[in-house]
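> According to TrEMBL, the domain 'G-protein coupled receptors family 1 profile' annotation covers 40-249. The transmembrane segment annotation in TrEMBL covers 25-47, 59-77, 97-119, 131-157, 200-224, 236-259, 271-289.
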Amino acid sequence: MAINQTILKEFILIGFSAYPHVQTFLFGVFFCLYILTLAGNLTILGLTWVDRSLHTPMYLFLSALSFSETCYTLTIIPKMLVDLLDSDRRISVTGCGLQMCFFLGLGGTNCIILTLMGYDRFLAICNPLRYPLLMTNSACGHLVASAWAGGFLISLIETALIFRVSFCIPNLIRHFFCHMRAVVRLSCIDSDLTEFTVTLMSVSGLLGTFLLISLTYVFILCSVLKIPSAEGKQKAFSTCSSHLTVVIIHFGFASIVYLKPEASGGDDTLIAVPYTVITPFLSPIIFSLRNKDMKNAFRKIMRKAVVLKK
């Protein structure tokens, strides 16, 4: 069977072109969610920077997650919004590789930071006396840097494996961004091994970080159950509730994308929306609305703003 091996310089993102009658509506919905996502993450970053009471490891990890998620959405959503209104959905091969690299790198970074946040709660609850010595702001900074290094190391390997070969016509990516599975299938050679390898790497990273978080919460639960007073138990659980909620949403939606069997069918474009759009939107809302320190810091800033206006 002949294959057209013309060396490609660009791809075409099919995206939501299969739903032409609702593209304007989708643009409005995704644009509003994107603006709210940016506002939520920037609010968290601003409050953490301004309020000295939030200069603790827990909120430094939270601000690192907000920054990472802001960058994560920037790699995909602006291009997606443009494509919803524009018939020209081309993206260069280089641009596609960069988008994939940053998407995978930042996604991996988010998973590792969520794991570090679980580890932070584990130390605070299970080793409260040693916590100030073990989890200093300096140690927190080193851990966040390691999260970025780990996320992008895996991303660079996966992207290099996919883009080390030439791609053939048709150059149609059946997605709204350069998703690794959709791109690797355009390879001029048999891509089954490459697809299996990069999928295995992503799934291993996803399940590995989730299992580590689950393990920390097993230890946390054991420690909390030993607390004699109901008030003490409630206070301990309250410091974990926001993180646990985000973890369930994040890994739940991600597992649908990466663990979905190929034979199950379904539109990959629609399946990816919760993981790429909904999860980053919900994360800052959950961390802000369910966190007393964040709400108190926001009230203090608003009161100062009112006083300055007077």
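Every residue number used here counts from 1 along the chain in the order it is shown.
For all residues, glycine too, the Cβ spot is worked out from N, Cα and C.
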> Based on Cβ pairs under 8 Å, which of the stretches 97-119, 200-224, 236-259 lies most in contact with the transmembrane segment (271-289)?
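Between the candidates 97-119, 200-224, 236-259, the best contact partner of the transmembrane segment (271-289) is 236-259.
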> Where, among 25-47, 59-77, 131-157, 236-259, do we find the most CB pairs under 8 A to the transmembrane segment (97-119)?
131-157
> Which residues of the same chain, at least 6 past either end of the transmembrane segment (131-157), have a Cβ under 8 Å from a Cβ in it?
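Sequence-distant neighbours of the transmembrane segment (131-157): 55-57, 60-61, 64, 68, 100-102, 104-113, 116, 120, 123-124, 201-202, 205.
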> Averaged over the domain 'G-protein coupled receptors family 1 profile' (40-249), what pLDDT does the prediction give?
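Here the predicted model's pLDDT, averaged over the domain 'G-protein coupled receptors family 1 profile' (40-249), is 90.
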